[in-house]
Amino acid sequence: MANQILLLTTFLAMTCSLVIAFEPSPLQDFCVADSTSSVTIVNGLPCLDSKLATAEHFFFSGLHIPGNTSNPVGGKVTPVNVAQIPGLNTLGISLARIDYAPMGVIPPHTHPRATEILTVLKGKLNVGFVTSNPENKLISKVLKKGDVFVFPVGLVHYQQNLGSGTAISLSSLSSQNPGVNTIANVVFGSNPAISEDVLAKSFQVEQSVIRDLQAKF
């Protein structure tokens with residue numbers, strides 16, 4: 001009897017974990033985000049009355065326009081998520097156009113809520129992601145026009161333009177609000193700042209090096 005109870009308990013625990021691991025399917029045709037609502041919900045944004053939905057709630061224009069890469073890293077992301085298309089709310093998908101100056105990069109970063117699948121539209125890119133501790137294995141590849149690469153959810157990844165001309169890629173992400181944590185900004189540009197002592201010991205450098213890095217972010 002005790003074994004049967006243990007087996008049932010284990011089965012229920014596994015079932016619950018599987019349910020929690022996936023977003024529930026929408027219970028209506030769509031849920032246009034109502035950015036003016038003061039209602040707070042657990043996940044996503046409150047729904048606009050579906051009778052008020054129009055084509056504009058499901059539309060974005062301008063993805064053909066190159067992003068401005070005149071910045072220190074030489075890369076520019078143009079997101080198309082729920083902030084740009086309210087109709088994406090609860091649908092679990094978004095896009096991003098990425099422009100690269102010659103030798104420009106998208107610095108190491110993570111998306112806490114999404115897997116990313118990237119397609120090269122122009123140029124040649126060096127891309128890669130790093131697996132979790134303790135292996136910290138770099139998995140990287142050089143991509144050319146038409147190539148596709150996947151960055152698993154939550155893992156640190158980057159992109160670099162290897163060409164002397166501009167490059168363009170298009171990414172699909174498995175969340176309407178994937179989020180982004182750029183490692184350098186998070187570590188050296190937090191507000192308030194992380195203790196110099198903590199960072200100096202973590203990176204095994206002098207505190208003066210940390211101060212110089214924090215000044216850049």
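Glycine residues also receive a Cβ, built from the backbone N, Cα and C atoms like all the rest.
Taken verbatim from TrEMBL:
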SIGNAL    1-21  signal peptide
DISULFID  Cys31-Cys47  disulfide bond
DOMAIN    61-211  domain 'Cupin type-1'
BINDING   His109, His111, Glu116, His157  Mn(2+) binding site
BINDING   His111, Glu116  oxalate binding site
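On the 0 to 100 pLDDT scale, the domain 'Cupin type-1' (61-211) averages 97 in the predicted structure.
Across the structure, Glu116 (Mn(2+) binding site) and Cys31 (disulfide bond) are spaced 23 Å apart at their Cα atoms. The binding-site residues in question are His109, His111, and the one with the fewest Cβ neighbours inside 10 Å is His109.
Close to Cys47 (disulfide bond), meaning Cα to Cα within 10 A, are none of the binding-site residues out of His109, His111, His157.
For Cys31 (disulfide bond), the same-chain residues 6+ apart in sequence whose C-beta sits under 8 angstroms from its C-beta are Gly44, Leu45, Cys47, Leu48, Asn89, Thr90. Taking a C-beta cut-off of under 8 angstroms and a sequence separation of 6 or more, His157 (Mn(2+) binding site) has the following same-chain neighbours: Pro108, His109, Thr110, Glu116, Val127, Gly128, Phe129, Val130, Phe151.
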